[in-house]
Amino acid sequence: DPEEKILQYKIRVFCRIRPASRAEAAQGGAIVVEKIDEYSVTVETPRGPREFQFDKVFSAEASQEDLFHDTSLIQLAIDGYNVCVFAYGQTGSGKTFTMVGDKEQKNPGIIPRAFNAMFDIMRENSSKFSFKVSAYMLELYNDRLQDLFASQAGEAHVHTQSHGQARRVEIKRNRKGVVFAQGAETKEASSAQELYALFQQACANRHISATMNVESSRSHLIVGIMVESRNLTNGSVSSGKLSLVDLAGSERAAKTGAKDHQLKEANSINKSLSALGDVISALSAELPHVPYRNSKLTQYATRVKAITNNAQRNVESKEIAQLKEVIMKLRSGQSVEEEDV
Ligand SMILES: Nc1ncnc2c1ncn2[C@@H]1O[C@H](COP(=O)(O)OP(=O)(O)OP(=O)(O)O)[C@@H](O)[C@H]1O
C-alpha cells in the first residue's frame, strides 16, 4: 500500500560516523562517538556520555554500499512521490563523501548510486511503463539560488556577469501547491551516465571559499531529478521527484573565525539551516503550521507529499490574504509594489 509506505517514510534520520582521518589520528585525536546498537550512539561530553537515538546508525566501518543498500526511496520517486535526501553535519564530517563520494569515484556516494539505481529500476519496468528523466541542479549561496546549468549553456548574458555567476532562479509554487524552481534550466538524460555527466558539469560551477578548508563547500547543492512515467496499458501519467541535497557545513560563524564575506556566508548558511531545523521539528511534531517560508532552503527542500492538509491550508490562506491586500490597494487607488504581487 503506497499510502502506508509514505507514512513510514515521512522523515527518517540516519547517523553516519566517519572514521578518524590520518591527520586527526596523528594529532592524537580521540574517538568520542560510538555506535551502541542499530539505533543509538553515545557521545563523550565534558559532562559525561550522552546517548542519541536515530532511525538507523552506520558505524565508521560502514561502506558506501551499506549506506545505499535500501533503494525503496528511489522506487517511491519513480512511483510518483516527492522524495528528498540530504546530508547534514559540520565541515569535514563527511557530507560530500556520503552524498557524492570521493574525487576519483572509487567510492561513489548516494548521488551517483541513485542515478544508477533509478535507471536500473526503470529498465526493469520498461515493458509496462515509458519514462522520461529530467534534472535541474542548483546552488544556494548567500541566500541566492543559482542555476548550475546556466553558465555552461553558452548564453551570452551569463558571461557578462561577474565571477561567472549563473542567472537567478526563484522559488515558486504552482496552483497545486507544488514547489518548483522558476527559471532553472532542466536537462533530459537517457542514461545514468548522461545524468552523471550533467552532475559533473554542475559541480564544476559551484562556489568554494578559497581561504577556508579547501574541501569545504560553503553553499548548499540541490539536485532535482524529475521522473515522468507513462503507463503503457492505460496511458496514465505520473510524475515524481527525487531531490538530493548536499548541505553546507553547519558550524557556527563564531567558531570559524570568518570575516566579511565569509561571515556573510556563514550567517546565511546558519539562517537557512536553523530554518530547516524548525521545519523538521514542526513536521515531526505534526504541528498545524510548518514554517517553510522562512528561508529559500526550506521553501525548496522540504516540500514533501506527506505534508498535512492543515499545513497546506495555512500556506494557501496566507497567499489569499496577500491577494486580498493587493485587491484592496488597487480598489482604493494606491500603487501596488512588485513585492505585493
Ligand atoms: N566514511 C568515510 N570514510 C572515509 N573517508 C571519509 C568518510 N567520510 C568522510 N571522509 C573523508 O573526510 C574528509 C571530509 O569529508 P567531506 O569533504 O565529505 O566533509 P563535508 O562534511 O562535506 O565537509 P564540508 O561541509 O566542508 O563540505 C574527506 O577527505 C573525505 O574523503
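A Cβ is built for glycine as well, from the same backbone N, Cα and C atoms used for every other residue.
Record features (TrEMBL):
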- 10-299: domain 'Kinesin motor' (DOMAIN)
- Gly89, Gln90, Thr91, Gly92, Ser93, Gly94, Lys95, Thr96: ATP binding site (BINDING)
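Every protein chain considered, the tally of other Cβ atoms within 10 Å of the Cβ of Thr96 (ATP binding site) stands at 22.
For the domain 'Kinesin motor' (10-299), the model's average pLDDT works out to 82. Taking a C-beta cut-off of under 8 Å and a sequence gap of six or more, Lys95 (ATP binding site) has these contacts in its own chain: Ala87, Tyr88, Gly89, Asp246, Leu247, Gly249. Taking the centroid of the Cβ atoms of Gly89, Gln90, Thr91, Gly92, Ser93, Gly94, Lys95, Thr96 as the ATP site, the other same-chain residues with Cβ within 8 Å of it are Arg18, Ala87, Phe97, Gly249. Residues Thr91, Gly94, taken from the binding-site residues Gln90, Thr91, Gly94, are distinguished by a CB atom under 6 angstroms from ligand 1.
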